[in-house]
Structures are given as structure tokens and as C-alpha cells.
Amino acid sequence: MSPTAAKQAEQLRLDGNTYFKKGRFAAAIDAYTEAITLCPNVPIYWTNRALGHRKRNNWTRVEEDCRRAIQLDSNSVKAHYMLGLALLQREEYAEGVKELEKALDLGRGANPKGYMVEEIWQELAKAKYMEWEHESTKRSWELQTLKEACETALKEKHLFDSSELEGFLDEIPRSNLEQLEALDRVFRIAAEADLPTDVPDYLCCKITLDIFRDPVIAPSGLTYEREVLLDHLEKVGKFDPITREPLSQSQLVSNLAIKEAVQAFLDEHGWAYKTD
């Protein structure tokens, strides 16, 4: 790649950015395409063009460009993020969520307070919640179908017992009713697993009261949401918001135990991904 080609490609990228900001997405895509033609091994040209395709809802092209960008730079946050969105559009939820999780991990490492970290989390939470909602509806239908089948079987058994034991008819209805009530209790308990409840306090940030996303522990032993605590240190002061002890960013350590506990809770209770 000659210096002249690189310079021309960079100018085309800047032109594309200008078109993009003005909402001229087709022109932006053309400019990025020309930049790619001159310098095909620059990942940002591919992710910029993917963003243009995203604005035009051309998810097939978004996926193609993002895959190429990832080949060039496996740590591209934007490429993994938009690839995840494209896969979700194709209803490939497992792979889409996997890419969003990769983008979130990379984004947190590069810039914990960056706007993309919050945006990625919101999309990931939405995808996870939709996945849970779909599975929950399926489980509810399966439970109801099974319950109805069990009730029918009990009633048929009751009719058979009634014909066989006519001398004990007074006992049979009571026994049948007790069995139906027990059956109802069993299925009610089974259905409760999908009912939203309160998230345990130890899994929630003491400032936001929301479930942790990226928990960090301070020297005080208290755990906070990383982004919220960094914002506090920058805008309010360099001290622990609860104990008021002096505190700096370098003293924060990821709380891996809480992070794993949060993930285990979310895996078991997908409703907790709901953000509104």
C-alpha cells in the first residue's frame, strides 16, 4: 500500500463520515467502498461501511463486512457488536448473543465508561430477555398441556374405579378430588420458576439498586457497578461513596465472585434481564 493510496483512503473515510452525519448513507457507503478498494486491510473502513448498511437495514451486508473486519482485527468492538445484531436479525439467537457478549467484554476492557458499553449491554439484555420470554411461553404451554393430560387421566381412572368398586362410592370422589388438588399444587409450584421476583440485594449495586453488570470491589470491601463508581470518582470526588474513604480508580478490582453469581442468577432467571 503506497502512502498516496493510504492518504486517499483516509480522506474517503472522512468524506464518508461527513455523508453519514448528514444522513446520506448511500453516499457514505460509496465513499467507504472506495477506501476499501484502495486499502482493503484497514478494519475501520469495513466497520464504517457496515454501520452504513445497518442504517439501511441491509443486515446481510452488515454481517459480511463485520466478518471481514473481525478477520483483520479480532478485537474490534464495533465489528462483534454489529455482527451480533445481524445474527439476531436472522434469529440466530445463540450466536448473536455470543457476539454481543464478546463485544461487551472487549468494550469494558477498552473503555468501561464508553457509550458503546451501555448500548451493547442494552441490546444484549433485550436479546436475553426475548430468549427467556420465548422459552418461558413454551414451558408454560407444555406445563398446561401436561396438566390437562394428567387431569384427564385421573378422571378416567376415577370412572374406572367407580365401575369396579361400586360399594365404596363414598370414598372415591374424595380421593379423586384430593388427587386433583395435589396435581394442581405440583403444577403451580412448577410454574412459579418463571415468575419474576426480587433480585437478591447482594447482586445489586448499592448506588443504582440495579443488578450488577460489571461489579468492582473497593478497599472498603463494598462492591459497586464499575461505570457508576468511575463516574462518581470523576464528577463527585475521589472517595468511596458510602464509607467516604479516599479512593482512586487504580484501587478497584473486578469482583469475579459476584460477577459469576450474577451470571448464574441471570441464567436461571432470564426475566431479570428486563431493563425497563
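In case you wondered, yes, glycine gets a Cβ from its N, Cα and C as well.
According to TrEMBL, the protein has these features:
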| type | residues | note |
| --- | --- | --- |
| DOMAIN | 198-272 | domain 'U-box' |
| REPEAT | 9-42 | repeat 'TPR' |
| REPEAT | 77-110 | repeat 'TPR' |
- The DSSP breakdown of the domain 'U-box' (198-272) into helix, strand and coil residues is 32 helix, 12 strand, 31 coil
- Message: DSSP on the repeat 'TPR' (77-110): how many residues come out helix, how many strand, how many coil?
- Response: 31 helix, 0 strand, 3 coil
- Query: So what's the average pLDDT for the repeat 'TPR' (9-42)?
  - Reply: 96
- the repeat 'TPR' (9-42) resolves under DSSP into 27 helix, 0 strand, 7 coil
